[in-house]
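Notes for the one structure printed next.
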Amino acid sequence: MITGAICPVTAALAAGLAGAAVFTAVKGKEETRPVSFAAVTALIFVLQMLNYPVSAATSGHLIGGVLAATLLGVPLGVLSLSLVLFVQAVFFGDGGLTVLGANILLMSGAGAGFGGLLRHVLIQKSENPLLRNLATAFAAWCSVVVAACLCSFFLASGSEASLSGVLWPMVKVHALIGVGEAVLTLTMVALAKRMPKLLLPMAAALFLTPFASGYPDGLEFVAENFHLPEGISLFTAPMPDYTLPFPLLPEALSGMAAGLAGILICQILAAALARSMGQKGVAHLKDLSSKKTPLLFKRHLFFCLITVNSEWCRWPV
């Protein structure tokens with residue numbers, strides 16, 4: 001849908017955004033903990049796989065920008081979202097490589113960047129839990145609406161759609177999606193205070209599974225109504241559409257295995273990125289490994305539970 005000369009521009013801007021986030025994270029005072037960073041990145045991956053209904057014919061999925069910024073800080077939140085989008089595009093063909101830069105600007109930039117900074121400004125010098133929660137919810141909602149406005153500009157710049165024609169439909173449907181973003185962000189932040197971050201992806205899958213929807217998301221809904229052309233795929237992902245390339249494998253099992261692979265890839269890449277930015281999280285890793293149950297076993301167990309729950313809702317019952 002987003003094509004033309006705008007794609008190289010958005011790619012360059014996205015690279016600059018990621019570079020600035022890395023620089024700020026390395027120079028900042030916040031610790032880069034590989035386990036926490038990997039767990040939140042896996043959480044965002046799972047949440048973006050699950051669509052929730054927002055109207056009779058439209059669904060939405062969590063962007064997770066304000067959520068990631070709240071749990072990790074703004075710079076690491078931007079990097080977490082960017083990493084998830086990279087994994088989706090490269091390994092699953094979700095979004096596509098040519099629009100990866102645009103997606104990073106929309107979700108990482110508008111979501112974790114703008115939304116996270118807005119939340120930071122709103123909660124400054126406020127210790128009131130209610131006000132902080134309201135600020136978090138408002139920032140999450142705003143991040144979706146701002147992303148919709150920016151996406152409208154990209155669509156108008158890279159297709160035959162006019163900005164005046166596509167802006168209001170995009171804002172209208174994403175204002176509803178933003179309500180879900182706000183509710184889920186507050187829910188996940190509350191859960192993060194009460195359970196280990198490693199269990200958050202499983203909790204998210206369990207919470208969202210009953211509400212899963214097969215309707216097109218907000219962007220797809222607007223694109224269908226405006227008959228916007230789909231981009232031409234020049235790259236075949238290893239696991240297209242979140243399935244393994246084995247025809248004899250049952251569809252549900254293939255989806256579960258692909259989802260598990262995606263979670264593992266996100267975990268590995270996120271932990272490697274966090275470790276490359278500093279060794280401040282090594283003690284945290286050692287603390288986890290000292291528990292009675294081996295860390296490797298616990299991780300694989302919760303990976304399987306996450307995948308079963310998150311992938312189950314993708315198939316009609």
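Cβ coordinates come from backbone N, Cα and C, glycine included.
Per TrEMBL, signal peptide is recorded for 1-20.
Annotated transmembrane segment per TrEMBL: 36-54 (among others), in sequence order.
Taken from TrEMBL, the feature transmembrane segment applies to 66-91 (among others). Long-range contacts of the transmembrane segment (66-91) within the same chain, counting only residues at least 6 positions beyond its ends with a Cβ under 8 Å from a Cβ of the stretch, are 14, 17-18, 21-22, 24-25, 28, 30, 32, 36-37, 40-41, 43-45, 47-48, 97, 100, 103-104, 107-109, 111-113, 115-117, 119-120, 136, 139-140, 143, 181, 184-185, 188-189, 192, 197, 237-239, 261-262, 265-266, 269-270, 273-274.
Within its own chain, the transmembrane segment (97-118) is flanked in space by residues 1-3, 6-15, 17-18, 21, 63-66, 68-70, 73-74, 77-82, 85-86, 89-90, 138-140, 142-144, 146-147, 150-151, 154, 231, 234-235, which lie at least six positions past its ends and keep a Cβ under 8 Å from the stretch. As annotated by TrEMBL, transmembrane segment applies to 97-118 (among others).
Positions annotated as transmembrane segment by TrEMBL: 130-155 (among others).
According to TrEMBL, the transmembrane segment annotation covers 167-191 (among others).
Positions annotated as transmembrane segment by TrEMBL: 198-215 (among others).
Here TrEMBL flags 203-274 as domain 'PDGLE'.
Feature annotation from TrEMBL assigns transmembrane segment to 252-274 (among others).
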